[in-house]
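A.B. asks: Structure provided below as structure tokens; questions to follow.
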Amino acid sequence: MAELACFVSFSLTEDKVVWYPINKKAVQTMLCAKVEKDQRSNYYDTILYGVAPPPEFRNRFKTNERYGLDYESDQYTELVNLLADTLNMVSMPTEKFQFDIVKTVVQVRHLENLLCRIKDVNDILNANVKLRVKAVMIACNLVNETETTPLTESNDIVYQDSYFTITKLDYSNHKLLPLMADEYKITINTKTDIPDRNQTAFAAYIRYNFNKFAAISHGKRHWRLVLHSQLMSHAERLDRKIKSDKKHGRQFSYDDGDMAFVHPGWKTCIGQLCGGTTFEVAKTSLYSIKPSKTVRTATNKIESDLISMVGN
């Protein structure tokens, strides 16, 4: 994660906001600049290379001493150009602009995956500019829009039916913020009501074929399959988000779609956290609640059907 200001700067014209990509030499200059404490929240003028991110975000960038955004990579240049182009297409009126927008935390790995989708000539994001803009705005947390399958970050599809798609998330080859993680993302194909029987069938499929994984939600109507061993760390992260929003007077919104496949322990734990229960108490729910009898029965049917097929 990193703030929008780590990638783009802006200027206010008479009628609209104009966005500009930040170049890697500007970042490098900012990282070695001595800046007064009361000026660190402002964009930094490098004199030679244009505007750099506010020095208060210097810790977001990779150096010899710390892990962070690899601003010297080609992907950084591609991403800043994509963000500037996208934001300029949105055409934000000057009178509606608020400086805090540049402090919005964007999903860096999500955005780098979108770069891969956009480069894929067979992917709809390669040619559909309108869809591309919406997908980028979702990744930047700048719109309250459901991340449906056409808008999702990965196009490595491992399962699909009429309602759901599962894509594999691979961050290991990323240049900006590489991460070794075994995860998948679940998205709905269209915004429509999904019959209970289809939810149950999908929940059973996940439980049988992804039995090392748990389906979780961060409350935005898309879901992740994460290893059971990672449940606690994901819950801790969401707990920090809830506390941060409360501290800064923001309303934390959580919507997992009430889907049958969401891990019941996760659903209970997050529900308790949203209700004010401490993490120490809520975390005990993560591994103590079993799937519903309906889902267990549907899973057993998959197994028995497969055994019958082998027998024949």
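Placement of Cβ uses the backbone N, Cα and C atoms for every residue, glycine included.
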A.B. asks: To which of K62, K175, K185, K267 does Swiss-Prot also attribute binding of ATP at the site defined by Q107, V108, R109, H218, G219, K220, R224?
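C.D. replies: Site partner of Q107, V108, R109, H218, G219, K220, R224 for ATP, according to Swiss-Prot: K185.
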A.B. asks: Quick check on the annotations: Swiss-Prot lists region 'RNA-binding' for one of 128-164, 202-238. Which range is it?
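C.D. replies: Checking Swiss-Prot against the ranges 128-164, 202-238, the region 'RNA-binding' one is 202-238.
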A.B. asks: Within 10 Å of the Cβ of Q107 (ATP binding site), how many other Cβ atoms are there?
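C.D. replies: Excluding its own Cβ, the number within 10 Å is 16.
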A.B. asks: Per DSSP, K185 (ATP binding site) is which: helix, strand or coil?
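C.D. replies: Assignment for K185 (ATP binding site) reads strand.
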A.B. asks: Quick one: Cα separation, Q107 (ATP binding site) versus H222 (active site, for NTPase and RTPase activities), in Å?
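C.D. replies: The separation of the Cα atoms works out to 15 Å.
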A.B. asks: In DSSP terms, helix, strand or coil for G219 (ATP binding site)?
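C.D. replies: Reduced to three states, the DSSP call for G219 (ATP binding site) is coil.
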A.B. asks: I'd like the number of other C-beta atoms within 10 A of the C-beta of K185 (ATP binding site), please.
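C.D. replies: Around K185 (ATP binding site), other Cβ atoms within 10 Å: 21.
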